[in-house]
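Report on the following structure.
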DNA sequence: GTAGGGTTAG
């Protein structure tokens, strides 16, 4: 529960303003022990009282509302009897308003606080220099800069601008509203600054990522011998933790080490440093600091354990959790929340389940935040059903848990469940926000649901949901992945601000559509715009060159990445290069590259070489690649299939038989092919030979008709793609029932003549389906778009945009 | 000091 500090400052203790008096204080309004010692004797003469008193209260929102209602009833009378817990106070109307305003802010209801402030002024109640900082805080929280400025003006007129509290609050308010210049103006014009002024101004720069100025201020502060308080140091360290800036973090560490002398704060400061190091990925350093802590608090343990999990040291995290319990330190809600979040981030399902059970067994209150973290964790671990169980167990739901559940469905590609849930969300009056929309849009992108994606896009416009850079990126990506590259480009061009991710989405979009030149041009423009490319940019560019057969350009890009941008090529980049060279028939060069690469080749690298060997008919090199692949992934029989095809193409039937025998012996499995098609906003999935669709009978009738027409057009099924040891007729049936053909048949019977058909599949298009689809596009006069694992195929009038090169 | 949901690739 949040702590509310009611602070009575010396200048407020005028004769008209009696100090707080507390009788029979009981829980939950119990102030901390140190504060209890300061509790004044209710019978003493207030005027002789000590000048500054601080009481800690923890009123919840409900309690605040009760007190509020009571204050209204007593018309803000000087003698106030708060009905809760026998708390009795004597407060001026101003003090009562101030108390309420502060309480609402602490309960994260800045708008209620501001409403009270408006009312306070309307009633003519005196606004003092205690009111102003609270009001400014509310303005900052609610990002209401206009009201903040108006309050600033009021403070100037009333002469409160010489009050250091007021000025600090002004800096903080402008900082939260993103107005750096105004914040700095207030700071510069302050007659008298305290430590808080400095750290607030520094935080303002850090929050807005103006690190140079922040460092400059820290230096200046040092020169003027203003020592940051421990609290200020901690907040600086934690800010660098949040933005994972280890360089600044280390600088702060050095600074803290030199300037921190407060023994009592050692645990807090060190914990902040531990958290900073682990969030920057330096687990070992964080651990060293943690181990050196003589007194570890629950917070220290939480930061350390969460850090272990985040860095994928799950077992070590569990060990530490157990050690924490042994040392009789017990996790709180934030501990559980943090650990659940980190479990999700690394996909540690078993740990996540264990934490869930721990929460239930140990009587934690299942707050919305904790439930949302669990939903998110299960979602990230691919367990949408577990996520749903947690979700359903919560009676009260808000936009965050809704979004988390939709995101869980999105990750599992459960389009229909996600859109159903979205409909329910709207019905129950919860307003979706950008986060909700991003989940839905990225789902549409993933499964290729263009109609749904378009509908969601129009909903965003209609509801005036702000399209920020993330949402715009998601939209660009969705249109590109759904085949509408022009719409993607339009959204991209209309953007006022583009970060590297948005550029990457557009470059990758061009790449998938085989638009190599456009991708390269866009990259030039990205450089002119001064946006730093990252490794993902180069993956997109290399793919683009590969799909468009631009060998020389691809080589240049690769070189540029290393020489101009100082990026170390990862195995993915080598994979792209092998693909690029291999497709172009430069098999030996590709092989040499693999042998010379400084990182261990993965299956994608060898797989690219193998696929190239298949296109360019090189069985000997194929064998080399296949042997490596089977060593790396003995369970994957896709390679065996390719190998068998390659042997078959060279009439090496004994080797074909050998591969088959090896597969039978190992009992290997192939990733099942899955094709989907969207009709009227619903996504229909098909597996090979699938008979689960409600319209199965009609689909198979259509399929028979398609095969008949294909044969009339001279098509013969290409059965070499089948590897089971079955007779030729069965093979033909197997090819005919490929998931892609089933989806195509469904598309043909359920959409109007002449309209395009769009199919998305999880594997590469097989040779037979590719040939068949080309013919079908002509036979039925339809534009057919197939998005496979790697790229788009646009089939028009009997030919494909990939130029049979994929 | 630890604190719930989102984008590019794979």
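Quick reminder: no glycine exception, Cβ is built from N, Cα and C everywhere.
What you see is a predicted model, and the numbers here were worked out from it, not measured in a lab.
TrEMBL lists A:714-806 with the feature domain 'DYW'. Counted with DSSP, the domain 'DYW' (A:714-806) comes out as 37 helix, 16 strand, 40 coil.
Residues or ranges marked as region 'Disordered' in TrEMBL: A:31-54.
Here the repeat 'PPR' (A:93-127) is broken down by DSSP into helix, strand and coil counts: 27 helix, 0 strand, 8 coil. Residues annotated as repeat 'PPR' in TrEMBL: A:93-127 (among others).
Annotation comment: TrEMBL describes A:163-193 (among others) as repeat 'PPR'. For the repeat 'PPR' (A:163-193), the predicted model reports an average pLDDT of 88.
What TrEMBL lists as repeat 'PPR' is A:194-228 (among others).
According to TrEMBL, the feature repeat 'PPR' maps to A:297-331 (among others).
Annotation source TrEMBL lists repeat 'PPR' at A:398-432 (among others). Secondary structure of the repeat 'PPR' (A:398-432) per DSSP (helix as H, G, I; strand as E, B; remaining residues coil): 26 helix, 0 strand, 9 coil.
Helix first, then strand, then coil: DSSP counts for the repeat 'PPR' (A:499-533) stand at 26 helix, 0 strand, 9 coil. Residues or ranges marked as repeat 'PPR' by TrEMBL: A:499-533 (among others).
Beyond its flanks by at least six residues, the repeat 'PPR' (A:297-331) meets 267-268, 270-271, 274-275, 277-279, 281, 283, 286-287, 290, 338-339, 341-343, 345-346, 348, 351, 354, 358 of its own chain at Cβ-Cβ distances under 8 Å.
Outside the repeat 'PPR' (A:194-228) by six or more residues, the chain places 164, 167-168, 171-172, 174-176, 178, 180, 183-184, 187, 235-236, 239-240, 243, 245, 248, 251, 255, 259 with a CB less than 8 A from a CB of the stretch. Across the repeat 'PPR' (A:297-331), the DSSP tally of helix, strand and coil residues reads 26 helix, 0 strand, 9 coil. When the repeat 'PPR' (A:163-193) is classified with DSSP, helix, strand and coil residues number 23 helix, 0 strand, 8 coil. Note: the repeat 'PPR' (A:194-228) comprises 26 helix, 0 strand, 9 coil (DSSP; helix = H, G, I, strand = E, B).
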